[in-house]
Amino acid sequence: MKNNGGTRVVVIGTGFVGASYAFALMNQGIADEIVLIDANESKAIGDAMDFNHGKVFAPKPADIWHGDYDDCRDADLVVICAGANQKPGETRLDLVDKNIAIFRSIVESVMASGFQGLFLVATNPVDILTYATWKFSGLPHERVIGSGTILDTARFRFLLGEYFSVAPQNVHAYIIGEHGDTELPVWSQADIGGVPIRKLVESKGEEAQKELERIFVNVRDAAYQIIEKKGATYYGIAMGLARVTRAILHNENAILTVSAYLDGPYGERDVYIGVPAVINRNGIREVIEIELNDDEKNRFHHSAATLKSVLARFFTR
């Protein structure tokens, strides 16, 4: 049972991403209870000890401990960060065979506890594994969320802000689609201070247009670059997961680019994919269908088709 009647988050998988996410939760005071579960129990025990030793410095100290699947029964949110890691040269979709089996075991164990909360999935390929979590759990699709393109969108806003010398918080631009090689930028709706980004570069000539495309390529390929340099990405996605968690637990109705189930929006059905969605205490309140130009529509449908072709190997649809 919950110790204080507050919010409980269970983190499954305390590798680089899971531990960084728990650290972000502690530092931002987002949850009242944080439970760490890992196949390597010793790692989870050590992480819990380490976090507790720093609790005195936290803005809102949480109760944090290593636990087991029974702790999911009273959880508001279960965040899955477990699974095989992406190696140099691997695409996110290369991981699917390894991680589907892992996820079946995890999700069935969570549901056996009597869990009635929300799932947030971070493991790659995140769109595929979010769909798998929905299927394995039997929960309504609005209560199963993937991290989607939240980090890609953050990278996009950062690089555009750097290029235009403005704070990334004031850049309004989205990356949608698969969290992976077929994702796309929505240039037609991107703006800074209400001024379309395409208009901002009109007077700067062809080289400025090429620079925008280079910015997107750097966003799309950022994970490959980071993995090559340091072996894994974890700080950025951990902060993105913390942002989604805050939107859920604080009932914010925040619009974030997560992996959401589509059943009509954007002309797609039966697929989880990165799109802007309203996030609150109940999960995904609604998908925001932004207007796309013809090229963006075609690229989005291609991205969805790529995901569906992978899903067809594992699920009858």
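A Cβ is built for glycine as well, from the same backbone N, Cα and C atoms used for every other residue.
Keep in mind the model is a prediction, meaning the values are calculated, not measured.
If you check Swiss-Prot, you get these features:
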type	residues	note
ACT_SITE	HIS179	active site, proton acceptor
BINDING	VAL17, ASP38, LYS43, TYR69, GLY83, ALA84, SER105, ALA122, THR123, ASN124, SER147	NAD(+) binding site
BINDING	GLN86, ARG92, ASN124, PRO125, VAL126, ASP127, ASP152, THR153, ALA154, ARG155, THR233	substrate binding site
BINDING	ARG157, HIS172	beta-D-fructose 1,6-bisphosphate binding site
MOD_RES	TYR224	phosphotyrosine
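Annotated features taken from Swiss-Prot, shown on the structure.
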residue	record	contacts (Cβ under 8 Å, 6+ apart)
VAL17	NAD(+) binding site	CYS81, ALA122, THR123, ALA232, TYR234, ILE237, ALA238, LEU241
LYS43	NAD(+) binding site	THR14
GLY83	NAD(+) binding site	GLY13, LEU95, LYS98, ASN99, ILE102, PHE103, THR123, ASN124, LEU129
SER105	NAD(+) binding site	none
ASP152	substrate binding site	ILE175, HIS179, GLU183, VAL219, ARG220, ALA222, THR257, GLY274
THR233	substrate binding site	LEU151, ALA222, ALA223, ILE226, ILE227
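When every Cα pair among VAL17, ASP38, LYS43, TYR69, GLY83, ALA84, SER105, ALA122, THR123, ASN124, SER147 is compared, the largest distance found for this NAD(+) site is 24 Å.
Among the recorded positions ARG157, HIS172, HIS179, the residue whose Cβ has the fewest other Cβ atoms within 10 Å is HIS172.
Each of the binding-site residues GLN86, THR123, ASN124 was scored by the number of other CB atoms within 10 Å of its CB, and the largest score is that of THR123.
Fewest Cβ neighbours within 10 Å among the binding-site residues VAL126, ALA154: that distinction goes to ALA154. Here the recorded positions are SER147, TYR224, and the one ringed by the most other CB atoms within 10 angstroms is SER147. A helical conformation is recorded for TYR224 (phosphotyrosine) in the three-state DSSP classification. Considering only the recorded positions SER147, ARG157, TYR224, the residue whose Cα is spatially closest to the Cα of GLN86 (substrate binding site) is TYR224. The two recorded residues, ALA154 (substrate binding site) and HIS172 (beta-D-fructose 1,6-bisphosphate binding site), have Cα atoms 10 Å apart.
In this structure, the CA atom of SER147 (NAD(+) binding site) is 7 Å away from the CA atom of VAL126 (substrate binding site). Each residue contributes its Cα atom, and for the residue listed as 'phosphotyrosine' and HIS172 (beta-D-fructose 1,6-bisphosphate binding site) those atoms are 25 Å apart. Each residue contributes its Cα atom, and for HIS172 (beta-D-fructose 1,6-bisphosphate binding site) and VAL126 (substrate binding site) those atoms are 24 Å apart.
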